[in-house]
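Please read the structure below before turning to the comments.
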Amino acid sequence: MVRNGSRAGNNDRRTAILSKLESSRTPISATKLGDWLGVTRQVIVKDVALLRAEGIPILSTNRGYILNRPIQLPRREFWVRHDYLATKTELEIIVEHGGRILDVKIDHPQYGEISADLNVVSPKSLKSFLESFERHQRLSRLTDGYHKHTVEADNEETLDAIEAALGEHGFLSEPK
């Protein structure tokens, strides 16, 4: 039987803390973790410090500890081709279906891939982008309207719906 004060008991407790933080979307206080594991808040604070020293990204907030995990949402690149006038429609389709347009890229014959960050994530940011877009020359004019966007969404189904809608409107293209 392993006693609480032994090295194995300490490691088991830290593993349990990490497991609890991994399964939680909200912060958990040191007091709650201590009550759950039958130890004091101070023991939890020391355990969290040791976990951090091992490189575990645990954030301390005013409401407790939370695991800082970078969220990697699904992304997909869509090759499209259209004229200047269809830009608004193309981008509206993506945003209205729940996509976030991260960038635009072209494959230039001489300079290779050229990209520009867009970060169009909502109807409001789309409107702002379109207002500035009208004042500047578009990147895709260098490639006869061929370009690609990196689009991020909450799930693959949303990306599938965006792809289908772009296809229905005749925007999808093969890489040039």
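One-based numbering along the chain as shown.
In case you wondered, yes, glycine gets a Cβ from its N, Cα and C as well.
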Pick from GLU90, GLU92, GLU163: which one does TrEMBL list with HIS82, HIS147, HIS149 for the same Ni(2+) site?
GLU90
Near HIS149 (Ni(2+) binding site), how many other Cβ atoms are within 10 Å of its Cβ?
22
Count up the helix, strand and coil residues in the domain '3H' (79-172) according to DSSP, in that order.
42 helix, 29 strand, 23 coil
